[in-house]
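One structure follows; several queries about it will come next.
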Amino acid sequence: MQERSDAESRFSPATPSPARTTPTTLPSPSSPSPKHAFDFTRGCVHYSRGCKLRARCCGELFSCRFCHDLETPSHAMNRHLVQTVVCCSCDTEQPPGPSCSECGHNFGTYFCAVCRLYDDDVSKQQFHCDKCGICRVGGRDNFFHCDTCGACYSIELHNNHKCVPNSMQRNCPICYEFLFDSREAPQVLRCGHTIHRKCLDEYWAHGGYTCPLCKASVGDMQVAWEVLDQEIRCTPMPEEYASKRVAMLCNDCHASGEAPFHILGLKCQPCGSYNTRQL
């Protein structure tokens, strides 16, 4: 969800695929600077647009906030504080608007006066969410704002996800990038925690099956538990351990109790999960 606002990318229930996805790396943008003449091209590698933004923080001109943050890693640009833009056609500096007040040059097919977001590519279906305070992509009708989680989620998750207060106001537990305005698509897990979809796919491909934050199972593990049941039936413990029972805690249903000891795993009696730990 975010400025590329891609943010919203598309939140959907977590059913991770074993197939790994290859992360997409953005190419390094050209270095926009007020010290160089404008070249009349439309924007940068992040956005096609007809103006540059004057960053309030440092007074420099950049094609977009991502270009600013890449060139000046010491601080981030606040999109909402931009007070002037410069036309790439006639170099006129002016308050943000949909087109140049001097020559009429169109700055972007999509324009958000709140986010100072310009973009010619409306196939992203950008929309501004007042509650999020930023623009999202994917089409307004395809998302709803969850007041508890504090972010826009896919309509598929309406009344179909576990709410975690301000779940998006935190870093991805894998790559540690802030989730709320990340340009990477996020994924809502069954436990309610969120993670980049790209990071989840890689985590799943490397054998991770539990939430990095709470250790609950990420997807439906029923088939895996049935396989473990069969392996345990085929692998009896030595006689001295055959009747041994140990205390355990289930990471899925949070039940605690005793389970028959087995080297392959401890089964939660209430829910059947092997996502447990010995106490």
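The backbone N, Cα and C atoms fix where each Cβ goes, glycine too.
The model shown is predicted, which means the values in this text are computed figures rather than measured ones.
Got these off TrEMBL a minute ago, pasting:
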REGION    1-34  region 'Disordered'
COMPBIAS  12-28  compositional bias 'Low complexity'
DOMAIN    37-105  domain 'CHY-type'
DOMAIN    107-171  domain 'CTCHY-type'
DOMAIN    172-215  domain 'RING-type'
Could you give the mean pLDDT over the domain 'CHY-type' (37-105), rounded to a whole number?
91
When secondary structure is assigned with DSSP, how many helix, strand and coil residues does the domain 'CTCHY-type' (107-171) contain?
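Summed by class, the stretch gives 9 helix, 21 strand, 35 coil.
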Could you break down the residues of the domain 'CHY-type' (37-105) into DSSP helix, strand and coil, giving a count for each?
10 helix, 12 strand, 47 coil
